[in-house]
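Below is one structure; the comments refer to it alone.
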Amino acid sequence: MDYSFLLIILLLTISTSCCAAPSSYVEEQLRDRISNLPGQPSNVDFRQYSGYVTVHEERGRALFYWLVESPLARDPKSRPLVLWLNGGPGCSSVAYGAAEEIGPFRVGSDGKTLHSKLYAWNKLANLLFLESPAGVGFSYSNTTSDLYTTGDQRTAEDSYIFLVNWFERFPQYKHREFYIVGESYAGHFVPQLSKLVHERNKGFKNPAINLKGFMVGNAVTDDYHDYIGTFEYWWNHGLISDSTYHQLKTACYSVSSQHPSMQCMVALRNAELEQGNIDPYSIFTKPCNSTVALKRFLKGRYPWMSRAYDPCTERYSNVYFNRLDVQKALHANVTRLSYPWKACSDIVGSYWDDSPLSMLPIYKELITAGLKIWVFSGDTDAVVPITATRYSVDALKLATITNWYPWYDHGKVGGWSQVYKGLTLVTVAGAGHEVPLHRPRQAFILFRSFLESKPMPMT
């Protein structure tokens, strides 16, 4: 590769968006530049970067990122920056967000070939995928106890430190329009990180991290309303019996998702048995197998605290990202971790520490602050279903601007939407827990509408 040419390009890019940058920034970007991913298509016309950003020197915590810029023909310098986070907690944004949902490539069944996605979101924005917290994916800590003591608070703080340091490495993105997007348990991560950025931007007229808003999908939001909505969805869709429904309502409403009572765990186990061999993340989709997703579905804790959707494509990602040539191309696993790369960390998820009962106070604060907030939901997800999301949104008591209406894609209903003062709610018909995986075109329309601050199309 002609690194002198890359150096010139990077210098020109940085100089157009900020004053002269020290050469160390350019050197760091050159170090992180992905020249070519094994198996990628030949017609890739966008820049990619990946590597590590240290968030705690003393304990040796470093988070792995993957930046996928917009195609050169779409002028990436004019496009916003979007941080994507997956949930779990303990699941990888590389495994799900990048490889299965919104990234430019999907991994082929041979675990070797990358295929281009027609509705990749980097056509609309520069995408930054972060594996967080330490212990997830390629992100690591040199202090083993960190993997057993992490929780919401540390995850938010480390993610914020990551952003501060990352923007120093990529100063051309400073002051750029910036959004945070995620799904599932990122329903905690996204608003919590947004709150931190908003608070620490106070006093700056032109903050480097120019946060404009956030969007979450099938998001864990409020324990009480998530319980009500989830159990109601199970019962309304014929997934559980009347007696188990009443048992769940009696045993589970008054406890937290982190510390369920024995009675609640019994009720959840009964619900799991009654649901049988279905894919709870997409109830009308044939499950890939009867092992991984189902064994982790309830697992003695609440369903929305488990891992993300487990289609067969995850198997291909596990093969691909554990290849040494792939890790070398991504500048990943530089410390030679003692465990293989996995889509979700059992340790991080099982030993999760703090998890507040509700994100609604953060919503109220950031709505008042004027941030753009969108919430979307695939309507065939039984893990964090649309009913749970609607109960949580209703609890905010927001004034309605545009009442519930069907939105359209080429004359067909793509879902439904309601616009509130300070928040937009969108459903995607036929989509499961991972909306962009099941309905990529409709998810693309949703993302475009969000970025453009336009309501979902009515015709």
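Glycine is treated like the rest: Cβ placed from N, Cα and C.
Since we're looking at a predicted model, the values are computed, not measured.
Sequence annotations record features per position, and here Swiss-Prot assigns active site to S184, D381, H433. Summarising the annotation, Swiss-Prot assigns disulfide bond to C91-C344, C252-C264, C288-C312. Annotated N-linked glycosylation site per Swiss-Prot: N142, N289, N333, in sequence order, evidence recorded as sequence analysis. Among the features that Swiss-Prot reports, signal peptide is placed at 1-20.
Annotated features taken from Swiss-Prot, shown on the structure.
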{"residue": "C91", "record": "disulfide bond", "Cβ neighbours (10 Å)": "29"}
{"residue": "N142", "record": "N-linked glycosylation site", "Cβ neighbours (10 Å)": "13"}
{"residue": "S184", "record": "active site", "Cβ neighbours (10 Å)": "31"}
{"residue": "C252", "record": "disulfide bond", "Cβ neighbours (10 Å)": "24"}
{"residue": "C264", "record": "disulfide bond", "Cβ neighbours (10 Å)": "23"}
{"residue": "C288", "record": "disulfide bond", "Cβ neighbours (10 Å)": "16"}
{"residue": "N333", "record": "N-linked glycosylation site", "Cβ neighbours (10 Å)": "20"}
{"residue": "C344", "record": "disulfide bond", "Cβ neighbours (10 Å)": "24"}
{"residue": "D381", "record": "active site", "Cβ neighbours (10 Å)": "31"}
{"residue": "H433", "record": "active site", "Cβ neighbours (10 Å)": "29"}
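Using a 10 Å Cα-Cα cut-off from S184 (active site), the recorded positions that qualify among N142, C252, C264, N333, C344, H433 are H433. Listed in sequence order, the recorded positions from C264, N333, C344 having a Cα within 10 Å of the Cα of D381 (active site) amount to none. According to DSSP, C344 (disulfide bond) sits within a strand segment. Distances between the Cα of C252 (disulfide bond) and those of the recorded positions C91, N142, C288, H433 are shortest for H433. C344 (disulfide bond) sits 16 Å from N333 (N-linked glycosylation site), taking the C-alpha atoms as the reference points.
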